[in-house]
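Q: Once you've had a glance at the structure underneath, I'll fire off some questions.
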Amino acid sequence: QPVTPDLLVSPSSQDGDLGSECPEDRGNWTGRLDFLLSCIGYCVGLGNVWRFPYRAYTNGGGAFLVPYFIMLAICGIPIFFMELSLGQFSSLGPLAVWKISPLFKGIGMGTILIVSLVAIYYNMIIAYVLFYLFASLTSDLPWQHCGNWWNTDLCLDHHVIKGGNTTFPVNITNTVSPSEEYWSRYVLHIQGSSGIGDPGRIRWNLCLCLLLSWTIVYLCILKGVKSSGKVVYFTATFPYLILVMLLIRGVTLEGAWKGIRFYLTPQFDHLLSSKVWIEAALQIFYSLGVGFGGLLTFASYNTFHQNIYRDTFIVTLGNAITSILAGFAIFSVLGYMSQELGVPVNQVAKAGPGLAFVVYPQAMTMLPLSPFWSFLFFFMLLTLGLDSQFAFMETIVTAVTDEFPYYLRPKKASFSAVICIALFLMGLILTTEGGMYWLVLLDDYSAGFGLMVVVITTCLVVTRVYGIKRFCRDIHMMLGFKPGPYFRACWMVLSPATMMALLVYNIVKYQPSEYGSYRFPTWAEALGILMGVLSCLMIPLGMVVAVLREEGTLWERVQQASRPAMDWGPSLEENRTGMYVASLAGSQSPKPLMVHMRKYGGITSYENTAIEVDREMEEEDEEESMM
């Protein structure tokens, strides 16, 4: 029996006594496509259906695609790749990843705060979708006609207009559609609340839908990425099937081209307005989900040499194409609807919840087999929303369990349950009669300027404090090649500058929140701004804590806290080369290369890369010592 000398035992190989002292294994994705589908599911969400088409038509139609793709290249792709690289290189969640520069750990704390607030209201939107999904399981859709107890005298049924004598002109300016009254007076029961300060009673049917949506999310993230990685095979692919069905049905309707022409007719004069470019950048920013920590979390479960460079382009371009496709599906139906009602398309077009819960359901009632199409539409929204919610939850759970691996990793399922219950209880105010006002407040402020500050700071810390050379060398170690000048230029200058412009624009053009004709009171505005500021304040707070933990003068403390921690680097010993050799706790291996050769026999292309990186670093050290 050959004996392995102690020198060659690494903590990652589970022989020897070291394994018992190590925290429980984090786990990895179980299949090749788990990571890619999770990223697609996370990025392709409700915004692709209800924000992009509307943003495109209000900002120059087809011409909007020019700034959209330029902003994707400047802001979207580089930051997306940076987040994936940070996660995959360190195999750490959004809090522990700040071993890269402990002084800035507050960025991770800010991220978790933002994600928690978004998770609370995002699941409420999924609860509304579930409500409509169940309501579609009838032979007649409940929002099809007037004459129900929740309808008012202003309610006007389009079926009556069509069936009546067409020579009699109908004035529809002061009327309300049955679907609008169903949404506001029956689902929300908003007439029971006078405003945000008067939430009214809890709507128990909404409360049960919220409980159901949290239960679904919990069961899917129960075993971490091992369970959610399997669910996304359905939730990330099925929406495409439904989208294609809705698209085919949409374009075969009479008047569909009227809507599509409206959606895509390019108005190039819009490109001279700064607002259009800002809107394009905002759409990219929110639709790719950068800064929320979801991408970083997903990448942290990858193997060290996974080709995230290729995955970046697949996900970002796939996301853009999905948004454009969704626009066709939505506007073809809006075109048909405008023809049926005899009004221009811009009078029926809306964005956000108004499109999903008022306009589109109303269009469904005009189709034959309306409950079937309505069920399909809401089932698509459900699957789109769920995998984004998985990412938010996985981010929170991973971030905290990576901070306390010894205590929380073995109890990950119980810890996930605690987080789900806590967020469900916090979201109960959204199920009240005035809950929509709270949802609008959370939507407007939770991930506004706070998120931009987090992303700008991350970009600056990685390129300036940690160093762009070092970051590129880490990627070289991982992927076998260095990022080109395009990525370096974006990381150093273009992406931070664009996001700074976004941030300034958002502050200068600040508009108080509103819901329909309701204006929010000053205290609600202040509460919203506080939500955004709180996530920014985490950064200086983290700095104070990091500086207090060091020793020496203030400047020495700041310098020590901004350097990477001793154990920063790849999590497995066999991937640690160059400056990362033997810096893990309990490390005994003088050269991970030996561990590799013992494990795999012979040298692979990645070991060649490791040798190259080592040689480069030695040359740099020599140059520095000669200077």
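We number each residue from 1, going along the chain as drawn.
The backbone N, Cα and C atoms fix where each Cβ goes, glycine too.
Just lifted these from TrEMBL, have a look:
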type	residues	note
REGION	1-21	region 'Disordered'
TRANSMEM	35-53	transmembrane segment
BINDING	Gly41, Asn48, Ser287, Asn319, Leu384, Asp387, Ser388	Na(+) 1 binding site
BINDING	Val44	Na(+) 2 binding site
TRANSMEM	65-86	transmembrane segment
TRANSMEM	107-134	transmembrane segment
DISULFID	Cys146-Cys155	disulfide bond
TRANSMEM	231-248	transmembrane segment
TRANSMEM	280-301	transmembrane segment
TRANSMEM	313-337	transmembrane segment
TRANSMEM	372-392	transmembrane segment
TRANSMEM	413-439	transmembrane segment
TRANSMEM	445-466	transmembrane segment
TRANSMEM	486-508	transmembrane segment
TRANSMEM	528-548	transmembrane segment
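Could you place these features in context, so I can see how deep they sit and what lies close by?
A: For Ser388 (Na(+) 1 binding site), the same-chain residues 6+ apart in sequence whose C-beta sits under 8 angstroms from its C-beta are Gly41, Tyr42, Gly45, Leu46, Tyr122, Gly289, Gly294.
Close to Val44 (Na(+) 2 binding site) in the fold, though at least 6 residues off in sequence, lie Ala236, Pro239, Gly318, Asn319, Thr322, Leu384, each with a CB less than 8 Å from its CB.
Proximity of distant same-chain residues to the transmembrane segment (65-86), defined by a Cβ-Cβ separation under 8 Å and at least 6 residues beyond the stretch ends, is recorded for 56, 97, 100, 271, 276-277, 279-281, 283-285, 288, 290-291, 295-296, 298-299, 308-309, 311-313, 315-316, 320, 324, 455, 458-459, 462, 471, 474-475, 478, 483, 486-487, 490-491, 494-495, 498-499.
In sequence order, Cys146, Gly147, Thr175, Val176, Ser177, Pro178, Glu181 constitute the residues six or more apart from Cys155 (disulfide bond) in its chain with CB-CB distances below 8 Å.
Long-range contacts of the transmembrane segment (372-392) within its own chain (CB-CB distance under 8 A, at least 6 residues past either end) are made by residues 38, 41-42, 44-46, 48-49, 115, 118-119, 122-123, 125-126, 129-130, 132-133, 136-137, 141, 213, 216-217, 220-221, 228, 231-232, 234-236, 238-239, 242-243, 245-246, 249, 289, 292, 294, 297-298, 356, 360-361, 364.
Long-range contacts of the transmembrane segment (445-466) within its own chain (CB-CB distance under 8 A, at least 6 residues past either end) are made by residues 79, 82, 86, 100-101, 103-104, 107, 110-111, 113-114, 117-118, 121, 285-286, 290-292, 491-492, 495-496, 499-500, 502-503, 506-507, 513, 528-529, 531-536, 539, 562, 564.
For the transmembrane segment (486-508), same-chain residues at least 6 beyond its ends with a Cβ under 8 Å from one of its own Cβ atoms are 71, 74-75, 77-79, 81-82, 274, 278, 281-282, 285, 448-449, 452-453, 455-456, 459-460, 462-463, 468, 471-472.
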Q: Rank 231-248, 280-301, 413-439, 528-548 by Cβ pairs under 8 Å to the transmembrane segment (35-53) and hand me the top one.
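A: Stretch with maximum Cβ contacts: 280-301.
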Q: Under a criterion of three or more Cβ pairs within a distance under 8 Å and sequence separation of at least 6, are the transmembrane segment (231-248) and the transmembrane segment (528-548) in contact?
A: no
Q: At a threshold of under 8 Å on Cβ distances, which of 280-301, 313-337, 413-439, 528-548 pairs most often with the transmembrane segment (107-134)?
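A: Of the candidates 280-301, 313-337, 413-439, 528-548, 413-439 scores highest.
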Q: With a Cβ cut-off under 8 Å, give me the same-chain residues at least six positions beyond the ends of the transmembrane segment (280-301) that come close to it.
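A: Cβ under 8 Å, 6 or more out: 26-29, 35, 38-39, 42-43, 45, 47-48, 51-52, 55, 59, 64, 67-68, 70-72, 75-76, 79-80, 83-88, 90-94, 97, 108, 111-112, 114-115, 118, 225, 308, 315-316, 319, 323, 388, 391-392, 394-395, 398-399, 447, 451-452, 454-455, 458, 498-499, 501-502.
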Q: Within 10 Å of the Cβ of Asp387 (Na(+) 1 binding site), how many other Cβ atoms can you find? Include all protein chains, please.
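A: 25, counting other Cβ atoms within 10 Å of Asp387 (Na(+) 1 binding site).
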Q: If you draw a 10 Å sphere around the Cβ of Gly41 (Na(+) 1 binding site), how many other Cβ atoms fall inside it, taking every protein chain shown into account?
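A: Total other Cβ atoms inside 10 Å, all chains included: 28.
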Q: Which of Cys146, Leu384 (the recorded positions) has the most other Cβ atoms within 10 Å?
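A: Result for the most crowded candidate: Leu384.
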Q: So if I measure Cβ to Cβ from Ser287 (Na(+) 1 binding site) and keep only same-chain residues at least 6 apart in sequence, which ones fall under 8 Å?
A: Cys43, Gly45, Gly47, Asn48, Arg51, Phe52, Asn319, Ser323
